[in-house]
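Quick look at what TrEMBL annotates:
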| type | residues | note |
| --- | --- | --- |
| DOMAIN | A:26-583 | domain 'Cytochrome oxidase subunit I profile' |
| TRANSMEM | A:43-65 | transmembrane segment |
| TRANSMEM | A:93-123 | transmembrane segment |
| TRANSMEM | A:135-158 | transmembrane segment |
| TRANSMEM | A:189-215 | transmembrane segment |
| TRANSMEM | A:227-255 | transmembrane segment |
| TRANSMEM | A:297-313 | transmembrane segment |
| TRANSMEM | A:325-347 | transmembrane segment |
| TRANSMEM | A:353-374 | transmembrane segment |
| TRANSMEM | A:386-411 | transmembrane segment |
| TRANSMEM | A:423-447 | transmembrane segment |
| TRANSMEM | A:467-490 | transmembrane segment |
| TRANSMEM | A:510-532 | transmembrane segment |
Amino acid sequence: MATVETNAASSAVHVEEHDHHEELSFLRKYVFSEDHKTIAKQYMFSGIFWAIIGASLSVLFRLQLGFPNMTLEWLRPILGGWIDESGKLDKEFYLAMVTMHGTIMVFFVLTAGLSGTFSNFLIPLQVGARDMASGFLNMLSYWFFFISSVLMFSSLFIETGPASGGWVIYPPLSALPQAMSGSGLGMTLWLMSMAIFIVSQLLGGINYITTVINLRTRGMSFSKMPLTIWAFLLTAILGLISFPVLLSAALLLIFDRSMGTSFYLSEIYIGGEALPNIGGSPILFQHLFWFLGHPEVYIVLLPALGITSEIIATNSRKPIFGYRAMIASMIGIAFLAFIVWAHHMFVTGMNPFLGSIFMFLTLIIAVPSAVKAFNYITTLWRGNIVFTPAMLFSIGLVSFFISGGLTGIILGNSALDIQLHDTYFVVAHFHLVMGAASAFGFLAGVYHWFPKFFGRMMNSTLGHIHFWLTFVGIYLVFFPMHYIGIAGFPRRYYSFTTYEAFRTFGDLNMFVSIAAIFTFTAQFIFLFNFFYSIFKGRKASLNPWRSNTLEWTTPLHPGHGNWPGEIPPVYRWAYDYSKPGATDDFIPQNVPYSQTPESNLPHENALIAIEKEIEAQNYNDQFKQPH
Amino acid sequence: MVYIVGLLSLVFLVLAILVLTRLTSVLKGVNTDATTEESIGSSVNNRINGFLFLAFFVVGLIAAGWSFIHASQFFLPEASSPHGRHTDSLFWLTMTIITIAFVVTNALLFYFAFKYQYRKNHRATYYPENHKLELIWTVIPAIVMALLVFTGWRAWRDITKEAPENALAIEIVGKQFNWEMRYPGVDNDKLGNYNYKLIDAANSLGIDLEDETSFDDVTVSSEMHIPVNRPVLLKIRAKDVLHSVFIPHMRVKMDAVPGMPTRFWFIADKTTEQMRNETGNQNFKYEIACTEVCGQGHFSMRTTLVVEDEDAYNKWMAEQKPWLTKNPDYLARVPEKLKAKAAKYIPATPAETPADSTAAPAEGAGATTSASLR
């Protein structure tokens, strides 16, 4: 590429400007690092650690659900007293595991693990910045997350057990230690951990937003930004607005628990005494919780969709179809995400009129979501598809997004939600659309950007096997789960033998459990591949997927500041794949139109005139600031 | 049931074999030419993955269809309430629409993946946008959604409107871990007031005896009886934590919230007897479950619901003794001016002496904050 030479020439001029940075100590370089790439890796390893814990918990409670008569005595060395005298799982511990599985997966894996990894890693690399706007805040963000992780992890080991009222921690159950043992110290730790987690999210979010707005390289206008960055930006905005509301909900709950206030408590008789609390409302908590809780779904999903947009375009060797429509639908989804929260509360006794309003708003979300799905499919149409593991996971994600999203149309309908609310239908729905889809976004991102993370390639054959086993496994787990939901089986039930209506489907529950264990086992292929490739993987080339975005213009192991010389300017959008007339089937963003006269569209020829202007502006390079 | 497991296991097996065959052929490919990026696209790799997408779709679709047919025998039978049958039909209508969308979009996704896989020296079509197409697939879902919203909203409005005048009001109270019911009694059609501060071991619902309409109230904790074809209004409350009343066969669900009474009304139009004949299961019982996690006994808050004809219901009701009759000690709680009215509910020979009865109900100060449930 001609530009690479230009960059190399100009880099020689500037390289002396920043070589006075002294070598950092081990602690500053790898532990309390302010480098976004290191922080991203820290998030990635933490996310993978938490994913293993969260998934193991699900295997444990799937054992209980699939094999209710099985003796779990062999787990006593690990679980100790949580296995009761009869060799079965303790009933409260079952709820504790369900709760911790949800909490860990939603917050620690799919929020911190996904956004934390890829927003940190890709935002500076793809917008062309030396680092995050504030490396220090970024470091704080990770270490707050770390403290929060330690607290949550420690709650797994205390005698009264971790929080166990469901990941939504609805009071009064979560407020009253006399209601269940998990609402004692376990819930205290949960609330402390979440409060610190929210601080971490806010520090991270502020940084992401500031970086995207202020530190874009020359020429990187919003209309040229890759969809990944759009997704991360909108995710950060969602988090920044909604997480403080969860913090307030948690704070009020802390007050209720420890200081005798009555925000959520009213007219309660428990443990043989009438509590003095009057006038509070448990519904208030639900409103506050879901004001975060619903945007949270999109905080988890949007980064995955952004990653997918990038991977599908690259590997279809085609521009993403409807770039502007994709942005518009993401903005639409992000906006609507804030005004649909009460669809989680249709049958909580909320005013039915509010229920109708929220049903209207909820079903509107289906429209931008449908547009996104259609656009992905059309991007594949007449492409030249390379099935890298990342591409397979992205296609899988689109399939989950469609399959899980469609059942949302049923659940968003308040009249239909009466029967299905809190049944396995809901569980199947959100595990497909939010859990599996986002997890696939994470996996796709790891496979795709692994060469940039570690300078090596992951083994693609193992990647393919991992994909097929996981993809099939997840459908085998969650597709039949819809049947269980239609039959009315409520969620968070320790066993279904008490009811005649729920006594059917024992075999199917067993099948789901087997499939879940199978899927879980398949993840070890990924773990092996991941850790093996970090050390022994094949050396990657500079741009292994022949992609257009800026991160592939950095050296194999980008150092401090990412680009050794000047940050490359950007002249075009990120999706000039298979452009008619071009020699290669991709034209990176930093190639000016003046160098590609053979493939320019008429209006692009006019843009040649402003190239000099783009090159002249250089105010965003932190290395050029006096410091 | 065995069929489903068998079939799905078969799917497992087929896909596992496909993956394994893939693995061996790809391993060959790795040894020979997988050293450059160019080979990623051109190797046998791509063809197998493309084929697997198609195979997954076809096998998956067959498995989905077959397993659905077999699973459907275990779905709940047709609802036993008119509103339930309405929402059921809406459910299956929506299900049909989304199944079509599911099949079509997944078919396109997997077919395109198969059809347009990498070919050397081939160029993808540069096709960045088509406003007309985008407009079409924005408008069509919007119209379908509008239709679904409208039908759903009408059903929701009808279900949540005020209960008819002649509805039988029954209070159902959730606590860890069972349900208790209170009937308005035979003498007046009103549930008396309650106050949670009056709750004690005997008066587990906090019945307020300063309200004369509570004298004839009947409490039951074993099973709920309701008459067929008569609107029933459930007045739902919770004593300790959140619970949720779920009557699967009636398609009834509403949370029980401490401090905030909720309600749900419905008409049961099939008696338990009728359901026994329809389902062929002579032990069939309507059941009430809890669907809001409430602690370790959450999964076992079972209560049965007996739907019977008006005569049988009245007969049952007449056999039930008012709560005051069963707990004559609480006569002491009744204000002086109402004692005469209350006396007729007290059995002729009270079990306890009056001296004891004054000692038992000690508190009552909170009664002024009494919430009315009428």
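Any Cβ shown, glycine's included, is placed from N, Cα and C.
What TrEMBL says about a protein is an automatic prediction, not a curated fact.
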Six or more residues out from either end of the transmembrane segment (A:227-255), which same-chain residues have a Cβ under 8 Å from its Cβ atoms? 111, 115, 118-119, 122-123, 126-127, 169, 171, 174-175, 191, 194-195, 198, 201-202, 204-206, 208-209, 212, 261, 263-264, 285, 288-289, 291-293, 295-296, 298-299, 302-303, 305-307, 309-310, 320, 323, 326-327, 330-331, 334, 337-338, 549, 574
When counting Cβ pairs under 8 Å to the transmembrane segment (A:423-447), the leader among A:135-158, A:189-215, A:386-411: A:386-411
Overall pLDDT for the domain 'Cytochrome oxidase subunit I profile' (A:26-583), taken as the rounded mean: 94
If you count every Cβ pair below 8 Å, which range out of A:43-65, A:325-347, A:467-490 shares the most with the transmembrane segment (A:386-411)? A:467-490
Spatial neighbours of the transmembrane segment (A:467-490) not adjacent in sequence (6+ beyond its ends, CB under 8 Å) are 389, 392-393, 396, 399-400, 403-404, 407, 419-420, 422-429, 431-432, 436, 440, 443, 496, 501-502, 504-505, 508-509, 511-512, 515-516, 518-519, 522-523, 525
